[in-house]
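Only one structure is covered here, and it is reproduced in the block below.
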Amino acid sequence: MSKNEIKLQMEYASSYETWLEAAEKLDVIEGKYQWREQKESDEYDYVLVESRLHELRRHRLSKNTRLLLGLLRNSVARDFANMDNSRLYNYAHSGTKKLIDEFIQEVLMCLTYLEETPDLSLDEKITEFSRLKLTTGNTALILSGGGTFGMTHIGVLQSLHEQGLVPKIICGSSAGAIVACAAAVRNKEEQEILLRQFHTGDLSVFTDPNAAPPSVIQSVKQYFTRGCVLDISHLERVMKLLIGDFTFQEAYDRSGYILNVTVSCGSLFEMPSLLNYITAPNVLVWSAVVATCSVPFLFKRATLWERDPLTREVSAFCVTDAPLWMDGSVDNDIPHAKLTELFHVNHFIVSQVNFHIVPFIMDPTSHNWVERCCKKAIDLAAQEVSLTFRLFAELGIFSVLFTKLQSVITQKYSGDITIIPRLNYREVNKVIKNPTPSFLLDAATRGKRGTWTKVPVTRNHCAIEILIAAAYTRLIKRSKSLK
């Protein structure tokens, strides 16, 4: 089979297993599989990894629990021996160095041994796994905005769900919040059903599905009479049906997922808000999604609604004198700092489908010098435009508009792992149209295929964290059952 035929197999694979099999074949043909089998590389400390691997294995097999525990405390961090170096995952298609994969598997076996060993008391295990949780930190999955292209996130979530790699912290902005919230208010079993049947649901968020789309003249008239092009009531109706009547606190209690939604304020001096069960426990999730999807000029700014946990009375959520909110992507598409502050997040998986952003995202660690030069040029151009917008804002020329535009340009739109599904730019005209079932199926497929290329790095970066968190939860439950 030729290289081009294998690439086509990868491009049109129907499952991750099929894609991985083709990726390994391509690595063999290109000589990259041999690179994976060779432990040597300047990109990480392979000597330290190999020696630590042998030490961990020796202590686990000989059941030297105390010595093993001491070693693990210094071995579970993602950046141990520089193993999180993105260059290690940019060369071969099917994964990184086999030594790194072997090390991760050994750490997982050691953690399982610690959870099950009779050498430690239950309280000791809880204490040690709590410390290990702090050492590894937390991963957050962030789903960007992108209009109907945001439905590509369905496939991203499907792939991560199938591999058992969905983080407990999920954040969404604008269209990404629709998928994030629909998933995070449900438990794992319900999530699986939702993701499988998402394309059959009602997502008529822009216009009445039973009426003809408004003409250009009607849209212009609507804008000048109401200040927006589309009626927000359709978005509200669909979100209530899709998400239900849960508050952020209720969603967390129900599913265990820490759901976050970013919203922007329309004024000049208000900071963007990150809504979750800590900052806005009683806010209704559907209203947060409506607010973050309220694209300026397209929809009117929205009101956040909260429900009193005692009286069940619903009222406007107002933490400022300006209770109207809009598209979270304007100020904070990827809220790195706030998530780090609130939830000890030190690792970000970003699914980026903003069609106006994706062409400009380039890997700074790329081996391709042309890509590196292009990225430098784009960064310099963005800085110049940003300074111009800032100057206009400081001179009082449309201050709010130019401040928001500057925010859009200067934001960071990528993460430690950035998933960029292939977008169909021929369908840009559908970005603010009600998505059809066929469009949703195609978007989900693109999302899945875009995620498969990142499964090896995601698994190696997150497997230890996920096992530690699961073991800690089991130990806590066991402790409570004994009381």
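Heads up, residue numbers simply count up from 1 along the chain you see.
Every residue, even glycine, has its Cβ placed from backbone N, Cα and C.
If you look up Swiss-Prot, you'll see 141-340 marked as domain 'PNPLA'.
Look at Swiss-Prot and you will find 145-150 tagged as motif 'GXGXXG', backed by sequence analysis. Away from its own ends, the motif 'GXGXXG' (145-150) comes close to residues 173-176, 178-179, 327-329, 333, 353-355, 423, 430-433, 435, 439, 443 of its chain (Cβ-Cβ under 8 Å, at least six residues beyond either end).
The feature motif 'GXSXG' is assigned by Swiss-Prot to 172-176.
All protein chains included, Ser174 (active site, nucleophile) registers 29 other Cβ atoms within 10 Å of its own Cβ. DSSP assigns Ser174 (active site, nucleophile) to coil, not to a helix or a strand. Positions annotated as active site, nucleophile by Swiss-Prot, on the basis of sequence analysis: Ser174.
What Swiss-Prot records for Asp327 is active site, proton acceptor, and it gives sequence analysis as the kind of evidence.
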Inset, instruction - Give, as a single whole number between 0 and 100, the mean pLDDT over the motif 'GXGXXG' (145-150). - result: 90
